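The signal peptide annotation in TrEMBL covers 1-23. The region 'Disordered' annotation in TrEMBL covers 28-54, 216-235. Feature annotation from TrEMBL assigns compositional bias 'Basic and acidic residues' to 43-54, 216-228. The annotation active site, nucleophile is assigned in TrEMBL to T242. Positions annotated as substrate binding site by TrEMBL: R270, V271, G272, D273, T293, G294, A295, G296.
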Amino acid sequence: MRRRPLTWLIPVLATAAAVTVTAVVVPQGDGREPDGRSVPAAHGERPAGKGKPDARDVVLAVHGGAGTALDRDKTTPEREKAYRDGLGKALRAGQKVLDKGGSSVDAVQAAVVELEDDPLFNAGKGAVFTADAGHELDASIMRGSDLKAGAVAGVKSLRNPVAGARTVMDKSPHVLLAGEGADDFGARHGLKTVTQDYYWTQARWDALMAAKAAERRGGGSKGGDRGADSPAALADAQSKGTVGAVAVDKRRDLAAATSTGGMTNKLPGRVGDSPLIGSGTYAKNSTVAASATGAGEVFIRGAATSTISNLVEFKGADVASAAYEVIVKRLPKLGGDGGVIALAPNGEFDAPHSSPGMLHGYLTKSGKVVTKIFPDETPPNT
């Protein structure tokens, strides 16, 4: 006797799955305290797991890098406020653009400029030192509507490398310019230039000294080995303080941007994933806008951000599942950790990371600003 095909089960199962979906309600109101400060994530908030977005109805998100986590018990209120204010200021800069009907590209650039100007973050002012005590900065930007992109690598005099990347995208036939040529191109188009001492901060200098001390003890050229001179300097040497932003505008166009000073004690001329389209930055309207932070060489080898896009496009994965697959499952097998902020065109947002911590925040359509800086707000491997 022939068995009846089981194809009749498909619509039944689909219906059952549909009715079990739980709606996520976006909080109403402007999401800020009376004095205008951003709202921190709830202490002990249940983390987003595989396939579960961190948030919905997001229009803009930023990150301040992955790496050594901030310890809630050891972080002063002043330092916590500085990090939350830095992320919040970047989100509000992008919000101003979006509220006026501006493009997602303009919004991510505005957000990243704020992070580059904040010495807390490893981009622009506050960029880390190379092995020869210099500064070489990288940045990229991409528009999802037509896949236009621009990037700069190894710049030494542009105040805001993300502006250099945007200028390459808008005013040249190229995607990536490097070194002196990138600096000169930006200067010729009116971008602000600075001397190397503009980027200097005591914290980054201490991080270089900690890395050099570890190197002398046989700890390698990257710094960050245990036993370095200062715990704070060690944390800075270990951190992957790249910054980035992703956005979707009223036209549902996606954009992404990433900027970094690179790796503490890196060899002069080293270029990581941040200025490489498909590794550190990617945006495509039909899939995702993504900005990554982490072990640059591994993110290059794993083509981190374009792989997330490909999983969405060719495997039918949702953005949260695709980002989790790449960041938490695949890249650690290549020997590196880090994180990504990933935004779908429908506003679903996730920020998975395999590192101990990742500073990030987001803005919802209703105007709510959320910042996450402690591990209990954003646990690793979620």
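In case you wondered, yes, glycine gets a Cβ from its N, Cα and C as well.
All TrEMBL annotations are machine predictions without curation.
Across the residues annotated as binding substrate (R270, V271, G272, D273, T293, G294, A295, G296), the widest Cα-Cα separation comes to 16 Å. In this view, R270 (substrate binding site) is surrounded by 17 other Cβ atoms within 10 Å of its Cβ, with every protein chain counted. On the backbone, the CA of T293 (substrate binding site) and the CA of T242 (active site, nucleophile) stand 6 Å apart.
If you draw a 10 Å sphere around the CB of V271 (substrate binding site), it holds 20 other CB atoms from the protein chains shown. For the binding-site residues R270, V271, G294, a Cα to Cα distance of within 10 angstroms from the residue listed as 'active site, nucleophile' holds for G294.
The secondary structure of T293 (substrate binding site), as reduced to three states from DSSP, is extended strand.
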